[in-house]
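A quick write-up on the structure given underneath.
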């Protein structure tokens, strides 16, 4: 590449530009979790904005004369309010003018591609078709949609640039453009098939060959050339090129946009969506991403890469895994001193010709995966939340950068440990000539992506081979440049201007699915990202023997900094010979999978938002509604006092003439009868519509309650019990005693803590105390079945702690900056309070009242 100068800009391919501009964030990690400090290499320069338009507009040519403005390789921070705002806004106009010119050319290219489509379709139904309808739809797949998206974008942006002033806003246009990248995902997935189909049709049909070799592209308005001839293959590549260009422009726009400008948050969001999309698309579409040649002399390309946890010698190691066209390579980033070029160290590789996936029977014979203790994972999460709050406080108080960096380092260490120790879903691969390897993933979606990518490549005519030490060194050396995933997926690697994600509760109704070719037993699971990785949150019932399942099931999913929702559709396996005994080994067949971004503007509206996810020809319809954490923290008393939900516990017990509310006794009895061995009891969401039905029956004191309970899904019954405690107008352990519980659990001296915590129980009103002790003994019995139901005392404390303790007056916590801060400060303590009582020897109501050892003073 020629050196940069102030006289002009070097011409770069989009992929070179991508590497130059997209190496953000710390790449400094070690597989064992040690962070390394690294400075920029001496003499390094930042890369200016590059536009590769075939014809540069006069406006764009003008800005290339100076070349003094550059884009930092780190994420753009934007201009401080009022700092050179005029210059920044003028630069915005220059960037937009150049982008608009290239957008015009891109639209002309799409038009040229669409031009032959109509006549080809017209001949498809005649006796002498050039192409079949199927071939036409494959070759021109999504081109019309992409054209319409960009034409609308261009038509809206053009007048804003032409009638420029400092008040012009266009961030919403870029945000909308980014939100439509799903169309590009569909195009990219089909790209290879489209090229192969076009090539085959050219070979078999001279007429189509003539058309595809000379498509006329209209020149821009200011250009002397009216038309240029371009091949169909070259034009089909343009949409892929365009996504990267748009992302680079967003960086430039953010750099030259004041942070207090209304466009700034919209451009940030557009950039986040674009970057997520870029990291997810399959990079084998670019033939220039070549490492070395395969044994057959073909180019070896990188298809997929990412960070996975490997079980190596009974310990977990974070690896960077690279899937090439004919080999899977597992590597670790070497430790290097500051300023040195980083390199990968190859741990092992398997030629795809030798790679096999073990059968369920073979997997059973493999050593079982022992999950990390849940309470330790929860401790990590609460530490991370607390550190996030401390960092925000330091920033708000304009604290020292060293203190903030120390906190960030601690947060990275905890997030790294969580990422390393939380995955439990096994992904086993085997080299037919020797060793087996085991990765652990947190998401079945991710496992499916890796498996499908490998199996797709294995359909080709692959040969077995052994790499020489030199060949292995060359291949490993290429990984640093070729990688598409640069950073470990932890939130501490995020930039300050990136969206923190959503905190609260997402209500999702999975309505139905269609597009299945034959009847099957079908169900869906829902995954959301949390703390940087995806976890499964809910599962619909199995709809049997159908091609059009109608679930209409509602779920409440807790979000912790979440940005995406995934839906996976499975065919249920009832063949017992194929069922794996490993609880984490899902052997049901994935029929389709899809993902959507949780756009805060769309999700945070109070109304239900209905959408459709397309996956492998299958369409799943769902609706969602989001409740922010600050809203979900509020307890709302019931307006009517005849029911049980939202009514004071003392009122209910007095009306029923009972010591423990009937709803609590019946739900606990049913759980102990048939749900105490249910995996994830109280943790897994019940169907929301079932829970609402039970709520209505209990509120109406319907005589059919017992019959309905016996027929209802056990997770719905567990969910009803949780909902009852959550909707109490004041928490079971009362608002009055809440501060004292927080102080008591923080005491260091065991004897003082014992006296204080027991005294607080004695201070509770009798209905509250008796109900609490009744629930406490039940939860202990549930935890006794932990080897089967996977619910430890800590798990149960995490589920019930906030429900039993969370105060009704959240507004009193005005000193805390956000709902997320409230959560991170208080939840840890709420969980610890309940855990203290769960771990305590049995507490008798009579002995507690009789015992005079505890303090008798009022709280």
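Numbering starts at 1 and runs along the chain as displayed.
Cβ coordinates are placed from backbone N, Cα and C, and glycine is handled just like the others.
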From 29-84, 85-140, the residue range that Swiss-Prot assigns the feature region 'Disordered': 29-84
Residues of the domain 'C2' (484-613) by DSSP state, where helix covers H, G and I: 10 helix, 70 strand, 50 coil
Recorded stretch that, among 91-284, 301-459, 484-613, has the most CB pairs under 8 Å to the domain 'Rho-GAP' (647-845): 301-459
Mean per-residue pLDDT computed across the domain 'Rho-GAP' (647-845): 87
